[in-house]
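Participant: Pasting a structure below so you can have a look.
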């Protein structure tokens, strides 16, 4: 402990013990805080010996400061302790920890301002690949072969898919028109697309010349001429002129302007190489929802529309063009669902497990429906049983509690059972059937059966008058309908 406590001594230790932990608080810094700080530095793999000097404390502060936002409370307490110790070494009077932190922040801000001012006085350019050499001159660094190789590889693998545009923008950061032309000239194939790109560049250059006419008269000494459309495209300007425009005061960003023209042409080419519109992107019956979303957003990337329109397409068409299984789930989520919620809800839809689950649910519902129908049919077909012994309903003779009836249950006579009964039942007319008297009572009794078909009459247009004998015979066969005897014969 003695070695760790030897960080401060004499007047510095007295000044240390006068500083309060919090503004207006009673607790003050003690020797134990230095011992704790030494142990914490060892835990963070830092040298505790740095606490003995102000320069060492500054180095520790530089190491700890980037981790303050994500660090623990112990780390923040260690940072505060080192800040107070730094001003004790500097012999700057502070009353508490808060005042020490405010002074440290003020000192760091002044240091940043001095650094920025020195950088501005030197005139160091931020335009890469245009840099300043040791003599203070602005020089150009050509694109590296690795950058060109990456660009060519993208064109060969992706052709002109939507991801080519951000790749071109990243590789051409800070490039001059000459660098951009070098990148375009390295594209070997796709000459039809390159010709479309040239046409777009020429149109934009002509529009630039129309909006920025040439100034009349000579150019004042010490000034550079205004760039024309062909100068921006790098066809009529030298590399030195391009550097002067890009680093002048005020600068003319010819590289960025030419880059925007190229990206405009690339958008048209991407549109041509992606003939499928966003309206044609539909999810297949067995296609996973994730693959469908990938195709949807890849096509949406090539659409020439504003961000608001693309947002509407995402909210509407993504759900509308999904397959029925996913569409049911997405509609249940509601219109405010995020893409993450959609992906999670539709995960596995369309796969074998989902199909098996849907089929099992359908079969279960069909089985339940069939069981319910069978139950309902049995309920409708249930008939009322009647006891042959007592004649009451609700039970059968086997379970009847009444005294057993003697004799036949059909005719009531003893000596035989119902199955051996010879007594015939009467029909609904009260007669025993079959009858020994010929025709049943509900048939016409005296009608003669014809033995031959009737003779045909060949006298056309003549009216035949029935004979009196025939009339009497017909009256005998067909009595008046008012008599029930005509229907039932000799029935009583």
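Each residue, glycine too, has its Cβ placed from N, Cα and C.
Sharing the record's features from Swiss-Prot:
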MOD_RES   144  phosphoserine
MOD_RES   382  asymmetric dimethylarginine
MOD_RES   404  asymmetric dimethylarginine
REGION    7-31  region 'Interaction with Gp41'
REGION    8-43  region 'Interaction with host CALM1'
REGION    12-19  region 'Interaction with host AP3D1'
REGION    73-77  region 'Interaction with membrane phosphatidylinositol 4,5-bisphosphate'
REGION    185-223  region 'Interaction with host PPIA/CYPA and NUP153'
REGION    213-221  region 'PPIA/CYPA-binding loop'
REGION    273-359  region 'Dimerization/Multimerization of capsid protein p24'
REGION    432-492  region 'Disordered'
MOTIF     16-22  motif 'Nuclear export signal'
MOTIF     477-487  motif 'LYPX(n)L motif'
Participant: At the Cα level, what's the spacing in Å between residue 404 (asymmetric dimethylarginine) and residue 144 (phosphoserine), rounded?
Facilitator: 117
Participant: Report, as numbers and ranges, every residue of the chain located at least six residues beyond the region 'PPIA/CYPA-binding loop' (213-221) whose Cβ falls under 8 Å of a Cβ in that stretch; write 'none' if there are none.
Facilitator: 228
Participant: The residue listed as 'phosphoserine' has how many other Cβ neighbours within 10 Å of its own Cβ?
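Facilitator: Result for the residue listed as 'phosphoserine': 10 other Cβ atoms within 10 Å.
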Participant: Based on DSSP, tally up the residues of the motif 'Nuclear export signal' (16-22) by helix, strand and coil.
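Facilitator: Split into helix, strand and coil, the motif 'Nuclear export signal' (16-22) gives 1 helix, 1 strand, 5 coil.
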